Ligand code: G5P
Ligand code: MG
């Protein structure tokens with residue numbers, strides 16, 4: 001029987017999914033797939049998927065469902081032997097319903113952060129494209145400005161972090177992704193985590209996950 005823990009992390013753009021996910025994978029031996037990070041890697045490499053996805057991402061729109069569902073199920077084929085954490089997928093009710101037919105998830109972590117704190121966070125964000133590590137000019141500041149702490153490689157600004165695009169992404173989230181939260185709530189696997197900072201939220205998430213890890217270890 002396949003008993004690996006299957007988890008998704010949900011939350012608005014800038015709510016701290018990437019930041020908290022890196023703390024989760026540091027604490028537990030999990031595979032991590034961020035749909036946004038993987039798409040940005042494809043864009044950088046100018047693959048056919050990257051060229052198609054960039055048309056939507058640059059304007060803060062969602063990449064079409066059929067492309068995303070195929071993309072993520074291919075990515076998941078690579079990581080099935082360990083517990084995994086998925087960040088950024090599913091993003092629409094259609095994706096959630098299609099995905100549920102393939103994978104029955106154990107836990108959906110939902111980060112609830114006020115929109116007012118999100119806008120200023122995203123303005124200061126810098127990312128290391130290859131690893132997905134995220135930094136900020138006022139939080140998780142890189143040791144050397146503009147450089148990844150681990151590899152020494154340059155950090156970049158995301159193209160979709162311009163204020164007008166962030167606003168659009170928050171609107172899309174409200175309209176398209178909130179139904180995903182309700183979908184998982186009805187399935188009985190959703191856990192909400194409220195807070196204004198990742199430092200306040202991540203200990204709650206790690207505690208919750210450690211309960212699931214214990215359960216999994218006892219099977
Ligand atoms: P992504 O890449 O999935 P979003 O919009 O869901 O993008 P995003 O922007 O990556 O989410 P996050 O991961 O939730 O946000 O947040 P983060 O990066 O950890 O934190 C944001 C900033 O705040 C960072 O600088 C961090 O250092 C800082 N920070 C964190 N915590 C704190 C704190 O406590 N205090 C302070 N001061 N700062 C903090 O998707 C991108 C695009 O890809 C496409 C879409 O076009 C999407 O717009 N896409 C999909 N399209 C369709 N379907 C899908 N399933 C898709 N997946 C991706
Ligand atoms: Mg992210």
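Cβ from N, Cα, C; glycine included.
The feature GTP binding site is assigned by TrEMBL to 14, 15, 16, 17, 18, 19, 125, 134, 135, 198. Sequence annotations record features per position, and here TrEMBL assigns AMP binding site to 35, 40, 61, 62, 63, 88, 89, 90, 91, 95, 158, 169. For 125-160, the entry in TrEMBL reads domain 'Adenylate kinase active site lid'. Marked as region 'NMPbind' by TrEMBL: 34-63. Sequence annotations record features per position, and here TrEMBL assigns region 'LID' to 124-161.
The structure, with features from TrEMBL marked on it.
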{"residue": "14", "record": "GTP binding site", "Cβ within 10 Å": "26"}
{"residue": "16", "record": "GTP binding site", "Cβ within 10 Å": "26"}
{"residue": "18", "record": "GTP binding site", "Cβ within 10 Å": "21"}
{"residue": "35", "record": "AMP binding site", "Cβ within 10 Å": "20"}
{"residue": "61", "record": "AMP binding site", "Cβ within 10 Å": "15"}
{"residue": "63", "record": "AMP binding site", "Cβ within 10 Å": "20"}
{"residue": "89", "record": "AMP binding site", "Cβ within 10 Å": "25"}
{"residue": "91", "record": "AMP binding site", "Cβ within 10 Å": "20"}
{"residue": "125", "record": "GTP binding site", "Cβ within 10 Å": "21"}
{"residue": "135", "record": "GTP binding site", "Cβ within 10 Å": "21"}
Whole-number Å value for how far residue 35 (AMP binding site) lies from residue 18 (GTP binding site) (Cα to Cα): 11
So how far apart do the GTP binders 14, 15, 16, 17, 18, 19, 125, 134, 135, 198 get, largest Cα to Cα in Å? 14
Looking only at C-alpha atoms, tell me how far residue 35 (AMP binding site) is from residue 125 (GTP binding site), rounded to the nearest Å. 18
What DSSP gives for residue 125 (GTP binding site), in three states, is strand
Same-chain residues six or more away whose CB lies under 8 A from the CB of residue 158 (AMP binding site)? 40, 125, 127
Residues in the region 'NMPbind' (34-63) per DSSP class, helix first, strand next, coil last, are 21 helix, 1 strand, 8 coil
If you average the pLDDT over the region 'NMPbind' (34-63), what number do you get? 96
Listed binding-site residues: 14, 18, 61, 91. Which have a CB under 6 angstroms from an atom of ligand 2? 18
Cα distance, residue 89 (AMP binding site) to residue 135 (GTP binding site), nearest Å? 22
Please report how many Å separate the Cα atom of residue 91 (AMP binding site) from that of residue 16 (GTP binding site), as a whole number. 16
